[in-house]
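Features of the protein shown, as given by TrEMBL:
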type: TRANSMEM; residues: 12-31; note: transmembrane segment
type: TRANSMEM; residues: 84-103; note: transmembrane segment
type: TRANSMEM; residues: 108-125; note: transmembrane segment
type: TRANSMEM; residues: 156-174; note: transmembrane segment
type: TRANSMEM; residues: 180-199; note: transmembrane segment
type: TRANSMEM; residues: 211-230; note: transmembrane segment
type: TRANSMEM; residues: 236-258; note: transmembrane segment
type: TRANSMEM; residues: 279-301; note: transmembrane segment
type: TRANSMEM; residues: 344-363; note: transmembrane segment
type: TRANSMEM; residues: 370-386; note: transmembrane segment
type: TRANSMEM; residues: 392-409; note: transmembrane segment
type: TRANSMEM; residues: 421-442; note: transmembrane segment
Amino acid sequence: MQKKSLDSPVLVKGILIIITAYFFLANLPIIDWLEIGLDPSWAFAISDAAHKQLIFGQDIIFTYGPLGYLIHGTSLNYNFSQIIYFRWLIHLCLLAVVILRLLFIKSYSNQIVFVLSIIFATLVGNPYNSVGFTVDYQIIFILLILMSFDNFFQKYINYLAMAIGIITGFSILTKLTLGIYLAGSLFIYIIVNIVRGYFQKSPSIVIKNVLAGINLTLTIPSIAFIFLYPAASNRAFIHIIVNFCIAGGVALTLWFIVRSARLSAPPLLREARGIKGRIYLLFNHNHLLNFLPLLVFYGLYGLLLIQTINLDNFPSLMEYLSNSWQISSGYSSAMSIVGNYPRLLIALLCFALSLLLMSLAIIDQKISLAIAYIFPIFLSFKHGFVRQDAHVVVFTLVVILLASLYTTIIKKSRFKKIAYCAWGIIFLGCIIITSSPNWTILENARQWSNFSPDRVANNIGVVISSILNPRELKMRGERSTTQNLQVIATATKIPDSVLEKVQGKTIDIIPWEFSLIPGNQLNWKPRPIIQSYGAYTEKLDELNYQSLSQSPRDYLIYHFQAIDGRHPFFDEPKAFSYVVCNYQLDSVNSPFQVPAIKTNFYLLEKQKVSRCIPTPLGETTNVTWDQVYELPTRNSGITRVQVKFEYSWFGKIIKKIFRIPPVIINVNYLDGTQANFRFVQDNSANGVILSHLPRNDQELMAFFQGKLPPQVKSFSFSVSNPLLFSPEIKVTPFWEVETGS
């Protein structure tokens with residue numbers, strides 16, 4: 001039993017609650033305004049797509065779904081109130097859950113550890129950072145903190161599985177990875193409970209958690225199906241209710257039959273032996289039979305749900321999940337950034353200490369919770385360090401919070417000191433990880449105006465007045481968004497000659513600068529993978545190609561840029577090759593600029609006939625890493641190359657659990673110059689243009705006009721760790737011959 005002297009006084013607990021609430025209220029979620037740039041462009045795209053009722057998973061493919069604008073979308077006139085109310089709701093719900101958890105923590109030391117972890121999150125992930133303590137991670141934190149009430153979860157797991165399934169089904173339509181965090185954590189918790197119940201020979205634990213797993217499994221797709229396409233939500237809801245009623249009606253009928261059979265069994269049968277007696281015992285003492293109506297309900301509802309989800313007159317939930325998964329799964333290779341090595345080692349140390357805390361919690365008989373908590377730590381590590389830039393903040397927020405929760409659930413005194421030491425090292429490690437010459441946790445703390453009492457009082461007043469007078473909030477939102485749009489319209493004003501030509505015509509923008517759309521009132525028809533760099537698998541590139549070839553846009557606005565040192569031609573290679581062959585440069589209106597962007601844009605117009613005739617594939621050559629390949633070119637036309645990389649078994653494992661370092665192509669030009677670019681290895685089998693790799697605007701203009709001769713003499717590939725790949729790379733050239741040559 002804990003000594004009374006160790007119990008924290010009510011006064012201290014009250015002070016800690018006030019401090020926590022103060023930091024939360026000082027950092028209320030803010031609105032994402034329309035801006036220029038890569039991230040603001042996709043934020044606008046998901047808001048605009050939701051408003052235009054595009055089908056996510058088909059018309060637009062991203063890790064964000066039809067409700068994604070609620071957590072990371074741009075605020076526009078029609079969604080301002082929805083966004084701000086939703087973000088405030090989640091923020092204040094998390095505050096309530098944090099206070100609830102704090103009220104039930106008796107140890108003074110545990111309270112301090114927990115509050116420091118929460119304050120760290122509000123400082124590092126304040127709302128002025130696009131990566132960090134954002135709404136999606138706040139939802140994750142709510143579940144993880146609630147799960148720390150382990151006894152409550154164990155007792156009511158059946159009902160909680162349905163409640164969390166509803167939230168997860170909704171969340172998976174905001175962001176796929178958010179749904180994975182929520183569902184994965186609870187599924188692991190349930191599975192470990194089942195295994196634990198089996199070894200403890202406790203049928204009640206096994207049955208209760210099996211049913212909870214079924215509840216969770218059926219609830220998630222049911223809710224996701226309802227909200228996948230908001231325009232059809234009412235019809236989808238009716239289908240789900242009908243399925244529920246049919247399955248429930250059959251199960252209820254069966255329950256009455258079983259019950260009647262028990263009650264109406266004649267005395268002769270009750271006393272009988274042999275087969276008649278066994279029939280009576282089967283109806284009265286077989287526990288499986290007691291669950292028969294419920295199992296029939298689950299089975300029938302599941303079959304009806306599968307049939308409903310696959311109806312042709314509804315958008316495909318499976319298509320949304322599978323295509324979004326394509327983007328998520330390809331992220332660890334195509335989007336990787338190798339950052340500061342010492343910080344990676346510190347993160348691995350934090351992860352190892354989390355495993356130590358998990359082990360201590362398991363020894364302390366918190367097996368299910370301890371193992372379930374490791375899953376979000378692993379996911380956040382992968383998310384934070386695949387692209388090792390500002391994303392590392394994500395890992396620090398999750399690991400420090402869960403480390404504090406581990407210290408809370410570990411009760412044995414001999415483990416407490418170890419747990420506190422582990423948390424302290426993790427806390428210090430997280431501060432180091434989030435510190436850099438350009439960005440640091442202390443930098444946020446120096447912005448004292450963000451934490452002034454006046455700001456907190458103002459935030460409280462804004463929330464209260466907005467709740468009491470939603471019309472006023474809506475009007476203020478409309479004024480603010482209108483002003484924001486006017487600023488962006490001025491900054492992105494397209495020349496009048498270009499506007500006159502494209503007005504009312506379908507248009508897309510390559511690779512990503514969608515800030516041009518609202519201010520110029522362009523008739524935007526996006527490719528499914530809206531930003532070119534995101535089409536980093538063969539399938540995603542193929543989807544963009546099909547969209548462009550089957551439903552060509554009248555015009556394209558092309559911006560010669562790429563991310564992470566790629567050459568722009570390497571993004572969506574098959575789709576881009578279609579653009580090259582089927583669109584011509586409007587040399588009268590190209591290049592052009594907009595006031596806020598000092599680099600050139602190019603207007604491309606759809607041709608009636610393709611200027612390219614594909615030829616058969618050339619000879620396949622197996623090259624090794626760093627081996628120079630002489631590119632066979634022709635005097636005219638474009639040489640595309642299918643480049644097929646294979647991951648080794650070791651590489652496949654590393655790709656799943658961590659990241660693949662960038663593949664570099666070393667290009668030798670015919671004029672004797674050299675250049676190195678990052679290569680996109682997971683879509684290059686679709687055929688990359690390699691005969692021409694323009695280095696500046698002049699060469700790009702000549703290329704689009706068909707006046708640029710082949711430039712590339714040879715190339716080779718290199719990577720920091722060749723063991724992750726097969727030693728041989730298959731290189732197959734083929735040509736796109738210009739019809740005019």
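Positions of Cβ are set from backbone N, Cα and C atoms, glycine also.
Curation plays no part in TrEMBL annotations; they are all automatic predictions.
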Residues of the parent chain within Cβ reach of the transmembrane segment (392-409), under 8 Å, 6 or more residues beyond its termini: 101, 105, 107, 109-110, 113-114, 116-118, 120-121, 124-125, 129, 131-133, 137, 140-141, 144-145, 148, 150, 339, 343, 347, 350-351, 353-354, 357-358, 360-361, 364, 366, 369-370, 373, 376-377, 379-381, 383-385, 416, 419-420, 422-423, 426-427, 430, 433-434
Positions whose Cβ lies under 8 angstroms from the transmembrane segment (211-230), at least six residues beyond its ends: 50, 53, 55-57, 65-67, 157-158, 160-162, 164-166, 168-170, 172-173, 179, 183, 186-187, 190-191, 194, 236-237, 239-240, 294, 298, 301-302, 305, 308-309, 314-315, 317, 320
Cβ-Cβ under 8 Å with the transmembrane segment (108-125): same-chain residues at least 6 beyond its ends: 6-8, 12-13, 16, 19-20, 23-24, 26-27, 98, 101-102, 131-134, 137, 141, 393, 396-397, 400-401, 403-405, 407-408, 416, 420, 423, 427, 430-431, 434, 441, 444-445
Distant-in-sequence neighbours of the transmembrane segment (236-258), which means Cβ under 8 A and at least six residues beyond its ends: 222, 225-229, 283, 289, 292-294, 296-298, 300-301, 304-305, 308, 311, 314
